[in-house]
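Undergrad: Pulled these from Swiss-Prot:
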TRANSMEM  6-26  transmembrane segment
DOMAIN    52-155  domain 'FAD-binding FR-type'
BINDING   135-150, 161-193  FAD binding site
Amino acid sequence: MQISDFILVIIGSVALAAGVKYVFTLTSGSNKDKKGGEAEKGKQVEKALDPQEYRKFQLKEKFIVNHNTRIFRFALPNEDDILGLPIGQHISLRAVVGGKEVYRPYTPISSDEERGYFDLLIKVYEKGAMSGYVDNMFIGDSIEVKGPKGKFNYQPNMRKSIGMLAGGTGITPMLQVIKAILKNPSDKTEISLVFGNITEEDILLKKELDELAEKHPQFKVYYVLNNPPKGWTQGVGFVSKEIIESRLPSPSDQTMVIMCGPPMMNKAMTGHLETIGFNESNIFTF
């Protein structure tokens with residue numbers, strides 16, 4: 001189920017005139033915001049991104065995911081505009097924090113099928129300059145965005161199998177690729193995702209991932225938790241070489257592994273993959 005398939009239920013007192021931030025929770029409902037990926041006849045679809053300059057986008061809505069993670073929805077200039085972000089690419093956010101310019105890369109969890117806005121899943125860190133800045137924005141405030149950026153360009157059926165290793169909010173570029181593959185009937189790429197987190201509550205977008213796996217046999221997901229709950233039946237501890245060997249495709253010219261997580265995780269995973277037999281050309285780190 002996509003974010004655009006939810007209705008918004010306001011919790012707490014909010015008052016735009018008083019400058020109070022909007023806080024939302026999510027329940028299933030209407031998909032009225034989703035316009036679809038096809039252009040209406042007679043209308044030109046405008047891409048909102050510019051790779052050469054930063055453009056301002058207003059915060060439209062804010063969704064609470066858990067105690068430290070939010071989904072921020074930013075409005076595009078017109079309701080029929082698309083962000084214009086190729087699969088596998090990301091955007092750069094710029095803001096002035098404490099008198100200094102701060103830049104951070106983010107991958108939207110929305111796609112160009114959702115017109116008029118884009119969604120960012122952001123974990124708010126206690127001392128995170130950009131995440132704290134965005135979390136403190138009021139509805140109507142603007143953030144500067146530039147893109148597309150990135151070196152990964154996904155093409156349908158570019159490999160027979162793609163393995164994915166994600167940690168925390170590193171799930172965002174993975175979800176972008178997963179959804180692109182699964183919505184294309186002619187793309188037969190097999191996808192295997194290993195997703196590491198600390199607790200079950202930390203697993204972001206779990207419901208959507210589980211629904212995609214249930215609906216599409218070509219997609220499999222395996223969760224690994226440092227601190228699992230009682231009765232947990234999947235991976236425990238850290239993502240190991242043994243887990244990678246059993247859950248991801250074997251090395252070959254027709255397979256590759258893409259990963260996104262904390263730097264220490266990426267370094268460890270690269271070591272495991274090389275030990276298993278993956279060469280550098282078949283490994284990509286976001």
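Note: Cβ is positioned from N, Cα and C throughout, glycine not excepted.
Give me the structural setting of these features: burial, nearby parts and distances.
TA: A180 (FAD binding site) carries a helical DSSP state (H, G or I).
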Undergrad: Sort out for me which one of A166, A180 has the most neighbouring CB atoms within 10 A, since those are the binding-site residues we care about.
TA: A166
Undergrad: With every protein chain in view, how many other Cβ atoms are within 10 Å of the Cβ of K149 (FAD binding site)?
TA: 13
